[in-house]
Amino acid sequence: RNVGSSQFKTIEDDLVSALVQSGCIPENHGEDMKKMSFQRCARTDKGVSAAGQIVSLKVRLIDDILEKINNHLPSHIRILGLKRVTGGFNSKNKCDARTYSYMLPTFAFAHKDHDVQEEVYRLDRETLEKVNKLLACYKGTHNFHNFTSQKGPKDPSAKRYIMEMYCGEPFVRENVEFAVIKVKGQSFMMHQIRKMIGLVIAIVKGYASESIIERSWGEEKVDVPKAPGLGLVLERVHFEKYNRRFGNDGLHEPLEWTEEEEKIAVFKEQYIYPTIINTEREEKSMANWLNTLSIHDFNSSAAEMQANSKNSKNSSDLEGSDGCDDDSD
């Protein structure tokens, strides 16, 4: 929610409004969300979708609660489930990992020296293997200061732990081939995922050498391109420690997604994937962004980078996070 700003309507605004209208929370709780101990687990930017977000709050357990809330929500926002949790539960603090996906047209991986017809391009096995070899380099704990803005190499919060990252098998939609990259990590900083993917695309296309990944974790400033926001989806938020402690105590249920799995798959097919595909076709966000890769300097030294950044301050750094921002720490 953008408090004090009515310029942008958010999912949280619609959700709180539906909670009031359905009678789950008193009206004054909508204006002061602290009263219902409201907390969202992760934050998603404009243009970023969520398929498995969680919020925690105190509600009146009215009959047919899910149905009543959903009746007051637009069709592209759905409450899929409700679980009773421990008294002091906070969805942001108790979350110990997040999984994001990034859906992109596979022509993003075509080498820069090849003339590519976007609708005809199909990803070959060798290129997919190269993509996955590069994505696997991110696994483990690294200093990701080059993958976000306003963080220096000595900032301890720039160190992040990535559990897995891979690209799945490609598939064709509306004549264009797409693939989905999955990444699971403890938490992510502003723009981190988009920059991790942007750098891999730059390497596969032949703009940067593979050694740049290793170099980016060092102290020097590296020019890391940021892939478009379209295609990024918050897939799941994980509560593994909470589940081990309270999931089988006889009073609480584990916070898992098994029952909602089918509903989530249907929702993605109905709303998320068509939005990504249609917007990509209309606005060509990936194709336009790929044209900007040639102006990045992947070999410059830290001193040159600083001189360049003083001359041109990138306004896009004012966007929100890839989903969780630093408030996920």
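Every residue, even glycine, has its Cβ placed from backbone N, Cα and C.
Not measured: the values here are computed from a predicted model.
Positions annotated as active site, nucleophile by TrEMBL: D45.
The Cβ neighbour count for Y100 (substrate binding site), using a 10 Å radius and every protein chain shown, is 28. Residues annotated as substrate binding site in TrEMBL: Y100.
The feature compositional bias 'Polar residues' is assigned by TrEMBL to 304-318.
Positions annotated as compositional bias 'Acidic residues' by TrEMBL: 319-329.
For 138-240, the entry in TrEMBL reads domain 'Pseudouridine synthase I TruA alpha/beta'.
Annotation source TrEMBL lists region 'Disordered' at 304-329.
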Cβ neighbours of D45 (active site, nucleophile) where a neighbour is any other Cβ within 10 Å: 16
